[in-house]
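The disulfide bond annotation in TrEMBL covers 29-221, 70-80, 85-91, 142-193, 150-160, 164-173, 174-180. Marked as signal peptide by TrEMBL: 1-20.
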Ligand SMILES: *[C@@H]1O[C@H](CO)[C@@H](O)[C@H](O)[C@H]1NC(C)=O
Ligand SMILES: *[C@@H]1O[C@H](CO)[C@@H](O)[C@H](O)[C@H]1NC(C)=O
């Protein structure tokens with residue numbers, strides 16, 4: 001009797017958990033990339049491999065980025081040359097500069113997902129961030145090889161660093177929106193990837209929107 005009574009209640013309690021967006025991360029590069037996702041964790045993706053996972057409805061501040069030059073031991077501890085996430089494969093925080101960052105918030109008040117690519121933490125691997133459901137088709141791509149012409153002062157092993165991390169001055173780190181302007185470095189990032197954020201408090205033209213709970217695909221080396 002108890003089981004019969006509790007089963008419907010259990011199902012009702014589980015139904016809201018089913019609301020989620022599926023993220024598919026595909027490595028189209030000719031080299032290995034270690035995907036990092038917060039929430040989500042992380043995984044090694046050899047060329048041609050992909051990874052699918054669910055993100056709960058209402059997630060804000062979500063992020064996915066590529067890591068390169070990683071070595072992890074059998075318990076998933078180690079280090080990456082770019083995008084390192086606290087020295088662990090199964091990432092829970094944010095990544096070290098440089099990394100090409102995708103950001104999203106799902107099903108915000110008003111029922112929309114918002115998503116973007118940001119070069120505010122520099123660049124390591126080209127990527128695209130596209131919706132794949134709900135009839136939504138438009139998303140950003142940063143496919144240029146930003147490393148190739150990276151200004152000498154920003155060049156770091158494996159990528160093109162961001163000027164805040166490298167110089168640490170208010171001009172680049174932007175403690176407040178009112179004193180935050182484009183710089184020669186942010187203009188370089190913008191010229192390479194016009195659909196991406198290029199400095200803190202960049203204008204919102206790089207923000208894309210879809211109906212809530214759309215599914216997404218991120219491709220490394222699109
Ligand atoms: C993996 O590395 C971590 C951190 O250095 C260490 O604590 C752990 O014992 C290592 N695990 C193995 C199986 O070597
Ligand atoms: C993968 O890369 C090739 C070029 O190397 C490109 O033609 C193709 O469109 C890419 N695939 C995706 C899904 O972006």
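From the backbone N, Cα and C atoms, a Cβ is placed for every residue, glycine too.
Those TrEMBL annotations? Automatic predictions, nothing curated.
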Spatial neighbours of residue 164 (disulfide bond) among the disulfide-bonded residues 29, 80, 85, 150, 174, 221, defined as Cα within 10 A: which are they?
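Cα within 10 Å of residue 164 (disulfide bond): 174.
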10 Å Cβ neighbour count around residue 193 (disulfide bond)?
24
In terms of Cα spacing, which of the disulfide-bonded residues 29, 173, 221 are within 10 angstroms of residue 142 (disulfide bond)?
221
Please give me the CB contact count at 10 A for residue 91 (disulfide bond), counting all chains in the structure.
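Its Cβ shell of radius 10 Å holds 28 other Cβ atoms.
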Far apart in sequence but close in space: which same-chain residues, 6 or more away, have a Cβ under 8 Å from residue 160 (disulfide bond)?
98, 122, 123, 124, 146, 147, 150, 151, 154
Among the disulfide-bonded residues 142, 173, which residue has the largest number of other Cβ atoms within 10 Å of its own Cβ?
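Going through 142, 173 one by one, the largest Cβ count within 10 Å is at 142.
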Determine, to the nearest whole angstrom, how far the Cα atom of residue 80 (disulfide bond) is from the Cα atom of residue 91 (disulfide bond).
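Rounded to the nearest whole number, the Cα-Cα distance is 12 Å.
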If you measure from the CA of residue 173 (disulfide bond) out to 10 Å, which disulfide-bonded residues from the list 85, 180, 193, 221 are inside that radius?
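Near residue 173 (disulfide bond) by Cα: 180.
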Looking only at 150, 174, the disulfide-bonded residues on record, which one has the least crowded Cβ, with the fewest other Cβ atoms within 10 Å?
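If we count Cβ atoms within 10 Å for the disulfide-bonded residues 150, 174, the smallest count is at 174.
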Taking only the disulfide-bonded residues 29, 70, 91, 180, 221, which one has a CA atom nearest to the CA atom of residue 193 (disulfide bond)?
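In terms of Cα distance, residue 193 (disulfide bond) lies closest to 221.
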Could you round the CA separation between residue 70 (disulfide bond) and residue 174 (disulfide bond) to a whole angstrom and send it over?
31
